[in-house]
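J.: This is the structure I have questions about; it appears just below.
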Amino acid sequence: MELCSATDLAPLLGGLTNSTAAAEYLCGSFGTVTNKFTDVGFAIDTTYLLFSAYLVFAMQLGFAMLCAGSVRAKNTMNIMLTNVLDAAAGGLFYYLFGFAFAFGTPSNGFIGKHFFGLKEIPAAGGFDYGYFLYQWAFAIAAAGITSGSIAERTQFVAYLIYSAFLTGFVYPVVSHWFWSVDGWASPSRTDGNLLFGSGVIDFAGSGVVHMVGGIAGLWGALIEGPRIGRFDHTGRAVALKGHSASLVVLGTFLLWFGWYGFNPGSFVTILKTYGESGSYYGQWSAIGRTAVTTTLAGCTAALTTLFGKRLLVGHWNVTDVCNGLLGGFAAITAGCSVVEPWAAIICGFVASGVLIGCNKLAEKFKYDDPLEAAQLHGGCGTWGIIFTALFAKKEYVAQIYNGGVLGRPYGLFMGGGGTLLAAHIVQILVIAGWVSATMGPLFLILNKLKLLRISSEDEMQGMDVTRHGGFAYVYHDDDDSLPKHFQLRKVEPSDIYFIVVQEFLLVKSFGFLSNNLIITMEFV
């Protein structure tokens, strides 16, 4: 659209000697200023996207610390190396194939077919290198979720194969369905042919990222079987506790920090108004609201898990609270941008119950997941998809997905009917089916070729020693320098009579026993 026409402006400058030249000069200056503002807008949006990408990538450090603290010390080196591998292998394969399968447009509704190896990037359609970096960080997050489910008993080559396959093909196809402008279930289809007239609102990936990673991990852990000693001969669950609660808490806070790039960053741009320019309200405000809903869901889930587990097991457990917090984040990820803050509290409360319930089912069916990844990301991610279909607000859906125009389906409990819920049930079913049909056979083949699980001898000894050249720490199981809580005093048989007489006198005189008699009796 032309903002200034010299032909129209010249008559208005009729009093000037050379009105035509003056009009051309003024219009040229306006054009230059307009272009500068456009450039500044692109720079601001790109800076915001890159900053968000860096935050999401920082979540890899959070995953690494969480995984390291949740496994036994003898497998620390192994799980840390697999987290590095997820990022490295994921980067290469997402560059070669994944980004093209996910966002290569124009394409069909199933899979993208352009931009292999980032060819023709930057593209006129709006894709730039920053967008690739942001989406790569999401892809390796899905792979990181899976690595937690199969920790402490998986061969290193299996990690390499599954990570490349997941980030290069399985995850990109799912993200194409729901996030690409050509995806068959995307709410942003350019042809307007939306699934049930709404498409799927999975804003930052409760389904696309968390369900994909969780279901992939579920199949890997099921096919491998539980770790040695996880269930005794009677089938009773035996806790194989992680070796460092400190690392678990550190990883949780790093993930919390990164989630502010994961959810608010999914807006991709920040310099956008909702209505008239100059208003205080715009996309920047929606981004702030998204950060608030993310925070409230996580906090609510953490506190609910704290008290819920206290009632169930009788003590306060920091690891359970951390997992509850992350479960709340995984659940709110789908609807973080289209729900009110009060609804986020409901989301977190239910997510905690989902996580606790899934863990109970896992024990019942003798399923072993060292990080509760399938339960946390798969279970809570599924709840997040349903939650969005129930509580998505009409105005927010219109602003983010319909250019401010009302009329698109929204949450069932907000008066929007069941159309969006139907679309989200379809999403749950197709993600579960697709990941099961691709990752399940992959793990079966690896298991058949004896490339999946390590030997029982290696598992008992620990992979750090057998596969990685030594322990991650220099530590001793029995440290003589540690203070003793109590020491039993050696009592000779000849002294027993004297102690018994002494205690008898104490009872007669003061009415109580000292610990000496109790210790003596236990010693004997």
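Placed from the backbone N, Cα and C atoms, the Cβ positions cover glycine too.
Pulled these features from TrEMBL for this protein:
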- 48-473: domain 'Ammonium transporter AmtB-like' (DOMAIN)
- 47-71: transmembrane segment (TRANSMEM)
- 92-111: transmembrane segment (TRANSMEM)
- 131-150: transmembrane segment (TRANSMEM)
- 157-179: transmembrane segment (TRANSMEM)
- 199-223: transmembrane segment (TRANSMEM)
- 244-262: transmembrane segment (TRANSMEM)
- 412-445: transmembrane segment (TRANSMEM)
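How about a rundown of where these features are and what they're close to?
T.: Beyond the ends of the transmembrane segment (131-150), by six or more residues, the same chain brings 49-50, 52-53, 56-57, 59-60, 63, 66-67, 70, 79, 82-83, 86-87, 90-91, 94-95, 98-99, 102-103, 118, 121, 158-159, 162-163, 166-167, 171-172, 175, 205, 208-210, 212-214, 216-218, 220-221, 224, 262, 265, 268, 369-371, 373-374, 377 to within a C-beta distance below 8 angstroms of the stretch.
For the transmembrane segment (157-179), the list of distant contacts is 82, 85-86, 89-90, 92-94, 96-103, 107, 109-112, 135, 138-140, 142-143, 146-147, 150, 185-186, 188, 199-200, 202, 205, 207-209, 212, 216, 220, 427, 430-431, 434-435, 438-439, 442-443, 446, 451-452: same-chain residues at least six beyond its ends, Cβ to Cβ under 8 Å.
Remote same-chain partners of the transmembrane segment (199-223), defined as residues 6 or more beyond its termini with a Cβ less than 8 Å from a stretch Cβ, comprise 138, 141-150, 154, 162, 166, 170-171, 174-175, 178-179, 185-189, 262-263, 265-266, 330-338, 367-369, 373-382, 384-385, 388-389, 392, 397, 400-401, 420, 423-424, 426-428, 431-432, 435-436, 439-440, 443-444, 447, 452.
Long-range contacts of the transmembrane segment (244-262) within the same chain, counting only residues at least 6 positions beyond its ends with a Cβ under 8 Å from a Cβ of the stretch, are 51-59, 61-70, 73, 138, 141, 204-205, 291, 294, 298, 318-319, 322, 325-326, 329, 333.
Only residues 6 or more beyond the boundaries of the transmembrane segment (412-445), in the same chain, are considered here, and those with a CB under 8 A from a CB of the stretch are 161-162, 165-166, 169-170, 173-174, 177-178, 185, 195-202, 207-208, 211-212, 215-216, 219-220, 223-224, 382, 385-386, 388-394, 452.
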